[in-house]
Amino acid sequence: MFVRDLPVSAAVREQYRASGIEELYPPQAAAVEAGVTRGENVVAAIPTASGKTLIAELAMLTAEGPALYIVPLRALAREKYESFTELPGVSVGISTGDFDSPAEELGEEDIVVATAEKVDSAIRNGASWVAELACVVVDEVHLLGRPRRGPTLEITLATLQRRAPGVQVVALSATVENPDAIADWLDAELVESTWRPVSLRTGVYADGDVEFDDGSTLAVDVPPVGPNDDRGTEATAALVADAVDDGGQCLAFVRSRREAESLAARLAEEPSLQERYGGGPGRGAGSDGADAERGAEADTENGADAADPPGPRLAAAVRERGGTETGRRLATAVESGVAFHHAGLSSDHRSLVESAYRDREVGVICATPTLAAGVNVPARRVVVRDLERYTGEEMTPLPVLEVHQMCGRAGRPHLDPYGEAVLVAADDPGAVRERYVDAGPEAVESQLTEREALRTHMLSVVASGFADSKRGVLDLLDATFFAFQSPDVDLSGLVDEVAAELSGMGLLAVGGGNAAGDADGSDAPEGALSATDLGATVSRQYVRPETGARLVEAVRTIESMPAADVTPLTALGAVCATPDTRGTYLGNRERAAIYRYATQHAAEFTTAPDEAADFESWLCAVKLARIIREWIDGAAPETLVEQYRIGPGDLESHLERAAWLLGAADALADTLDSEVSVFASVREDLAASTDAEGDRRRRP
Ligand code: ADP
């Protein structure tokens, strides 16, 4: 099937041709046959790089009305937004929380790109554009199986189909064990394929050799390992150097941020990388004759030009974007063409790493597994050094699906003749092969019955008017992936329990004499459910019920506190102690200092340490509140990051969450008709200092 046969505008067809797309890839042709351009529901479970974006675009361009593209991660939203904006004659909006189009404009766009959370929030807030949708595309639908995001996604899909009856649903999935279940649930045609534009071989490394699944082998020259060297790391270094020598780029996956940084420091010592990318011995900026000579035979495919190595330039760009310790380590590594990527990196540095990699200014990124699910960074060779991860209690093996996602990054279309993924298994190659190479990925399983998810979503379906009775809630739950997968599970008892919990929190009113046994004096008929004013606010503010209940408690405590004790720390302490705050880590040495700080400021907090259910998390909340307070008082990000040993990216996300939760607390105070105004004022101060920081950075 050819692009010229597609039922899209001539301008779009021209645009495709200009970007090198003439003939559809087989899975794309199969999606068209399945009716993706005729409004049919389609689930495409196909590998990375097999052209899912085009399938989505065909659905959205041929839909008779506006389309919504749901992404799991903000970083992906930006990427998709930019690529859809290139389509001629199409207007695109974005709703993710950071570069948002104004809410009222979203209704006028042909395509809206949004995270599932933003769509959920738009539905709860009654956004009218939702009902107008003709097409919904869900990217990475296999994330239905993830603990928090999954339930949000399935409830969102179930409610979207009600709000916009007949809407076309196109779901894009990695190859998983049960795509047929997802397709059946969505009443969709299934397109399933393992076809890839660039072939991929996956192998297991042990004792100097890689054995690939196609039967081929690769001998790897790993120098003798010293007593302080790690075998896996040395093998990874050799595998990366080998691919770089061959003109390829690599991704190396490890289990933690710290490992990503230390592997990067190790790889930066590799002569192959130093020579190609710059800052290595004798390869500095002032190039001599030998450099010029080598420049002439530079491997331009690799983007590294020996006469003008990209390393030093890139290092300067990294330093310009912030002088934190992490930034300095990154700058040193990129001098030699090595980058690292993890959630602790500032968003500026993260996007710089991604674009430098795409421009082939670095040869390798050392990353935590989050990169595998994220942005588009294909590699000649993917090396997975760590196949286990610390969960806070123990080391557990990575899910097969996650490892396959990492491996799937291998093979850059139009650049590599093939892609290679190598799993480093220094200890037990047989077991690694069996688990990750021979066997398929896990099935996707609904996580909806997680108590916390059910509480959140039950409140929201009642508050947003989708259900006004237990029966109504059950009807909606019936349309979820969970009900599809477990038709025999009786959710009725669970719904009663959750209704009682929400009613105990003051968020839900349950009609008299009902099975929840929680007659709250209302005259409403048995089984009737309605959100209280507080419940409605909690749902609209998009905080968890527990967060809402705790913030209400904090507002009431503040009302009874002497005015002199109510300070910014009071508001920050309260929001940082909610389950919607990301946790932080408390070092041993730090613990005493934070405890001292907490004692000094005890009168300002809404909870005393002995009232806290969990002393350790209470201390963490104090630490976070202190960090944000110092930020508001003008502390530089570099100082905070160093002093409290958090990543620059963590600081960004803590500040953002605090702003959101302060807003929610203020809205709850309003709902309570309370005079408490400290949440609003701290939120304003926080916004002002964040703007001031932006200004400070923009100044040359
Ligand atoms: P994924 O399935 O991972 O989302 P993409 O949609 O990003 O993959 O496609 C990967 C690359 O393949 C893109 O660079 C895209 O332009 C290119 N591509 C997609 N379809 C075709 C095609 N039919 N012919 C040639 N190149 C294509």
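Using the three backbone atoms N, Cα and C, a Cβ is placed for every residue, glycine included.
Just so you know, TrEMBL annotations never went through curation; they're auto-generated.
In TrEMBL this protein carries:
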type	residues	note
BINDING	Q28	ATP binding site
COMPBIAS	277-287	compositional bias 'Gly residues'
COMPBIAS	318-328	compositional bias 'Basic and acidic residues'
DOMAIN	33-194	domain 'Helicase ATP-binding'
DOMAIN	239-462	domain 'Helicase C-terminal'
REGION	267-328	region 'Disordered'
Seminar exercise, completed: DSSP composition of the compositional bias 'Basic and acidic residues' (318-328), residue counts helix/strand/coil, works out to 7 helix, 0 strand, 4 coil
Exercise. Name the residues of the same chain, 6+ apart in sequence, whose Cβ is under 8 Å from the Cβ of the residue listed as 'ATP binding site'?
Worked result: M1, S50, G51, L54, I55, L58
For this session: Summarise the model's confidence over the domain 'Helicase ATP-binding' (33-194) as a mean pLDDT value.
Result: 91
Seminar exercise, completed: In three-state DSSP terms, Q28 (ATP binding site) is classed as helix
